[in-house]
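Before any comments, here is the structure.
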Amino acid sequence: MSTIPVTREVSEAPWTLPSRGIVGMACLILAESAIFIIFVVAYVYYIGKSLSGPTPKQVLELPIVATICLLSSSITAHAAVSSLRKDRVSACTAWLGATIFLALVFLFYTAKEWYELIYHYGLTIRTNLFGTTFYSLVGLHATHVVVGLIMLTVALIAGLRKAMNEHHAEKLEVLSLYWHFVDAVWVVVFTVVYVLGR
Amino acid sequence: MATTTAVDLTSQTKPKKLLLQVAHDWLTTVDHKKIGIMYIVYALVFLVIAGFMAMLIRIQLAVPNNHFLSPQVFNRLFTMHGTTMVFFVGMPILFGFGNYLIPLMIGARDMAFPRLNAFSFWISAFGGILLYYSYVGGSGLYGAGSAPDVSWWAYAPLTEKVFSPGHSTDYWTFSILLSGIGTTGTAINIVATILSMRCKGMTMTRLPLLPWIYLVTSFLVFVAVSPLTAAQIMITIDRYLGAHFFDTQAGGSAILWFHFFWIFGHPEVYILVMPAFGFMNEIIPVFSRKAIFGYPAMVAATVSIGFISLSVWAHHMFIDGLGAGGNIFFTAATMVISVPTGIKIFNWLATMWGGKIQFKTPMLFATGFLFQFLGAGLTGIVLSSAPMDWQLNNTYFVVAHFHYVLVGAILFALFAAFYYWYPKMTGRMLSERLGKWHFWLFVIGFHLTFDLMHVPGILGMPRRIYTYEAGRGWDSWNMLVSAGGFIQAIATVIFVVNMVWAFYRGRVAGPDPWDAWTLEWATTSPPPDYNFAVPPSISSRRPLWDLKHPEDVDSHYEY
Ligand code: HEM
Ligand SMILES: [Cu+2]
């Protein structure tokens, strides 16, 4: 033995510390929020400063269905975590499936919106400042959705192969924290881009 | 006096390993101590490279009408010098010390996420290598390839494709992006380690001040480095996809880039300087043989510096036309930051006051830090008033000011940290004699260079000029400044020699050569892979003091 126990009297008081997974995810969310804030600031700063058309008013439509889908996927993700806590693995798997489905619907709407913007209205990232900031901000958010989707799929596969049990609940909770964050960001993006920006 | 008798001093005899095996061990390691040392070594290599560039710059400026370097090479040199020093020397070396020390100081066996730790290291290191890879470019080595030449803030629209064709700026953005990802990863790790891996009994009020400071610094990393990452993404989108974030021809704004950069850039200097404060907090008490004065005030000052530093960025933009309101706000905010900084200086002095000060090399450097940091703060106050800044901005006065902080404070604190913790990391002491030579030469060189550099600044010598005419009153100052630079270089060589020599020949250190108080000294030097055979549990801020003085334990005095 090469080291010493440094204590004189070992206190019997219970010693609990926060979970490192959750602390780590909270930090990641803080850092990511700062990134999103910069993109949002750029978006807001450039509203109405484009030198040429098209303008948001001419081309943007409120993505109501997509928003409802994404926001409800937070609820299903939460349900997945609570089922896993109670060791109901198949219920958890089902909720995960629902979450993934809702996220896919959201992505489908984004893809459709971008397709129309590009091919019907000729709005690309090069067209004007609106195009630049719109595709970057919405694209950054969509990238986060895709990353979350990949992680959710991994969890789903683990569930389907019965490789998941209640001991994984904390890990799934960390993932669901990320997912709630992605949803919260969408609320901001929605407000800035589709409400204020029009 | 009771001693740490329980420590087993027999050196572990390890079987000799093949070189290849050793390399494999280091390259695949997830041990926080090895990663910490790799960070430090990589930073030292870059320190030597960037220092060499500084020498080239000083040769060029030593005499008027010099043609030693071409203008383009000069641009590339100061860009690479600044970028390297900030991103590939300052940050990695501080995170290296953090990586090495934090788990030991809080009595943990490793960082919270060892694999993320290794990933963060390698991605930052790759960023540095990528930056230098740009030298192997179009116009060959002497023409300095296609290294970036946009300076370390890369102001838009200079970095847009039209003004900066080719790939030099891309190298710059990508390497900064990678190092930013690595830095954020390490910061996440540090926060998770400090919050969730503390040993039994180590409440937040018993946390040593160094981990406290790294905690605040990591929060600064989250909120300050991320904007830089975002801005790098934007400039990359501009350059590769033809977007217009900072394209002034299409209505984009250059001022927006300035804001985004300095929202990062100012807190960055605190990310660098706060760990230096952390080293002081450990070293000054030990060599004054007194507990740190005003622990709660130190913590409070650290946290408030963290917050205030987020609201002062635009003092780098006084000459951009912020308007009166902006000028007043940012002047006031900048001056407010000197209050918590003053508290720290006061507490360090109060710790030394009445103590039995031992001027070993770490303490010498710590004392140098105190004086020079004070000087840097004073020139900072001069610059923080907008009217003065209008006169002095973009002159050598600014260069002198920030080198006072970066070299006079941060580098001195780092040297102190090296002399203090080198025995822990390698098991051997650095030579005191060489250490004293290093210190005195460096102090002389430093003051010769950076005290005098304020003068040509006041006389109107602009920064970033490649050469100047004779007879403006700048000549002899510049010659002396360059001479001082060379004295610092010689001192650095002594330091490197000392480290190499001590590694093989230095006196064996033993677990606690400084008779110190924090947990890292409770294990062998160097510590075993698992740090502590039995995870420690503590009942005061100075666990080793309690162990050595059972009749007078520390917890009685804590408040
Ligand atoms: C006492 C606190 C400080 C004050 C009041 C202060 C104030 C200022 C001001 C007002 C400027 C703008 C000068 C100009 O561009 O015209 C400046 C520049 C600068 N400061 Fe400080 N500063 C302080 C601490 C630091 C620290 C701790 C560092 C580094 C670790 C630092 C590094 C720099 C750098 C790199 C610049 C140059 C920015 C550029 O390239 O334009 N400062 N400082
Ligand atoms: Cu600043």
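Heads up, the Cβ atoms here are built off N, Cα and C, so glycines get one too.
Fair warning: this is a prediction, and the values are worked out from it, not measured in the lab.
What TrEMBL lists as domain 'Cytochrome oxidase subunit I profile' is B:20-539. Residues or ranges marked as transmembrane segment in TrEMBL: B:39-63, B:83-104, B:116-135, B:171-197, B:209-235, B:255-280, B:292-316, B:328-350, B:362-382, B:402-422, B:434-459, B:479-504.
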Can you work out which residues elsewhere in the same chain, 6+ from the ends of the transmembrane segment (B:402-422), have a Cβ less than 8 Å from its Cβ atoms?
85, 90, 93-94, 97, 100-101, 269, 272-273, 275-277, 279-280, 282-283, 286, 360-366, 368-369, 372-373, 375-376, 379-380, 428-430, 435, 438-439, 442, 446, 449-450, 453, 488, 495, 499, 502, 514, 520
Give the mean pLDDT for the domain 'Cytochrome oxidase subunit I profile' (B:20-539) on the 0 to 100 scale.
92
Is the transmembrane segment (B:39-63) packed against any residues at least 6 beyond its ends, judged by a Cβ distance under 8 Å, and which are they?
69, 74, 77-78, 80-81, 84-85, 88-90, 92-93, 95-97, 99-100, 121, 124-125, 128, 132, 466-468, 475, 478-479, 481-483, 485-486, 489, 492, 496
Could you give the residue numbers and ranges of same-chain residues that sit at least 6 residues beyond the transmembrane segment (B:171-197) on either side and whose C-beta is under 8 angstroms from one of its C-beta atoms?
79, 83, 87-88, 91, 95, 98-99, 102-103, 106, 108, 111-113, 116-117, 119-128, 130-131, 133-134, 146-148, 150, 154, 159, 207, 211, 214-215, 217-219, 221-222, 225-226, 228-229, 232-233, 235-236, 239
Closest-packing stretch to the transmembrane segment (B:328-350), where packing means Cβ pairs under 8 Å, from B:83-104, B:255-280, B:362-382, B:479-504:
B:362-382
Stretch of maximal Cβ-Cβ contact with the transmembrane segment (B:255-280) [cut-off: under 8 Å; candidates B:209-235, B:362-382, B:479-504]:
B:209-235
Using a Cβ-Cβ cut-off of under 8 Å, list the residues of the same chain that are 6+ residues beyond the ends of the transmembrane segment (B:362-382) and lie near it.
276, 279-280, 283-284, 287, 334-335, 338, 341, 345, 348-349, 388, 392, 397, 400-401, 404-405, 408-409, 412-413, 415-417, 419-420, 435-436, 439, 443, 446, 454, 514
Mind checking which residues of the chain, 6+ beyond the ends of the transmembrane segment (B:479-504), have their Cβ under 8 Å from one of its Cβ atoms?
44, 47-48, 51, 54-55, 58-59, 61-63, 407, 415, 418, 422, 426, 428-431, 434-435, 437-439, 441-442, 444-450, 452-453, 456
